[in-house]
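A short write-up of the structure that comes next.
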Amino acid sequence: MATSRYEPVAEIGVGAYGTVYKARDPHSGHFVALKSVRVPNGGGAGGGLPISTVREVALLRRLEAFEHPNVVRLMDVCATARTDRETKVTLVFEHVDQDLRTYLDKAPPPGLPVETIKDLMRQFLRGLDFLHANCIVHRDLKPENILVTSGGTVKLADFGLARIYSYQMALTPVVVTLWYRAPEVLLQSTYATPVDMWSVGCIFAEMFRRKPLFCGNSEADQLGKIFDLIGLPPEDDWPRDVSLPRGAFSPRGPRPVQSVVPEMEESGAQLLLEMLTFNPHKRISAFRALQHSYLHKAEGNPE
């Protein structure tokens with residue numbers, strides 16, 4: 001099916017994954033988001049899409065069968081405009097008008113009510129637990145790709161795209177923010193699903209602060225800002241396979257969470273620290289975070 005079926009309405013934005021367009025499906029009247037990517041053709045006599053891209057798209061289509069409420073829907077996939085070297089693949093997603101960044105900016109002072117934050121976090125974690133249960137690491141969670149519908153439903157977007165888009169991203173000189181990146185990513189160590197839980201912690205704090213928690217301007221600067229809060233981790237937790245040694249950072253102890261998020265109650269601070277745990281093997285999972293008492297008790301009630 002061709003993308004010409006959809007009527008372009010507006011350019012939504014340009015990011016690491018290329019240009020995103022809002023379009024209308026004239027058959028249903030629904031709005032969709034079109035994300036196009038250039039993929040280098042595979043080798044072999046027939047050329048065509050590389051098998052890795054075919055597998056990634058097949059996985060996204062398989063997830064779609066579950067219709068998880070907290071994951072943005074993939075409506076269609078179109079391959080068009082083939083040349084000898086590359087194919088344009090267009091992913092057609094459901095369109096949601098605002099992301100979490102816009103949602104937070106629109107909240108009147110003093111910000112979101114705590115119960116709203118807890119509701120958003122429960123939905124966020126349910127969507128992420130679903131992705132992790134299906135062996136998908138998002139790798140780029142940030143407020144801009146967490147969508148919030150007008151009815152308050154959270155939907156995760158841009159998951160499963162990192163490998164599909166690796167070629168496009170090499171062609172697109174967009175600065176990717178470091179602010180939500182886990183220490184193991186900043187150190188260029190091996191990583192898996194725990195990287196997403198670090199990002200969740202950064203976003204959790206931002207829901208209260210209404211500004212990012214760690215704003216570094218390089219990998220080393222970002223790590224320094226992280227250690228200013230959680231303290232310099234012990235030698236045993238420092239990954240072995242990295243070029244940046246622990247000794248590059250001055251010793252420092254942890255600071256109380258309330259020094260950066262004063263509005264957060266103690267059990268919320270405990271949950272945040274379990275997300276912002278340096279060692280990924282000790283970091284809380286999305287499944288376990290969903291069971292945490294903080295997300296199941298009313299504000300101000302005892303444990």
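Here the Cβ of each residue, glycine as well, is placed from N, Cα and C on the backbone.
The active site, proton acceptor annotation in Swiss-Prot covers Asp140, and the record cites sequence analysis as its basis. For Ile12, Gly13, Val14, Gly15, Ala16, Tyr17, Gly18, Thr19, Val20, Lys35, the entry in Swiss-Prot reads ATP binding site, with the evidence type sequence analysis. What Swiss-Prot records for 6-295 is domain 'Protein kinase', and it gives sequence analysis as the kind of evidence. Swiss-Prot lists Ala2 with the feature N-acetylalanine, giving similarity to another entry as the kind of evidence. For Thr172, the entry in Swiss-Prot reads phosphothreonine. Annotation source Swiss-Prot lists region 'Required for binding D-type cyclins' at 50-56.
For the pair Val14 (ATP binding site) and Asp140 (active site, proton acceptor), the C-alpha distance works out to 16 angstrom. DSSP assigns Val14 (ATP binding site) to a strand segment in the three-state reduction. Least crowded of the binding-site residues (Ile12, Val20), judged by neighbouring Cβ atoms within 10 Å of its own Cβ: Ile12.
Put simply, Asp140 (active site, proton acceptor) is 17 Å from Val20 (ATP binding site) when counted between their Cα atoms. Mean model confidence for the domain 'Protein kinase' (6-295) is a pLDDT of 88.
Val20 (ATP binding site) carries a strand DSSP state (E or B). Within 10 Å of the C-beta of the residue listed as 'active site, proton acceptor' we count 23 further C-beta atoms, all protein chains included. With a 10 A radius on its CB, Val14 (ATP binding site) counts 11 other CB atoms from all the protein chains.
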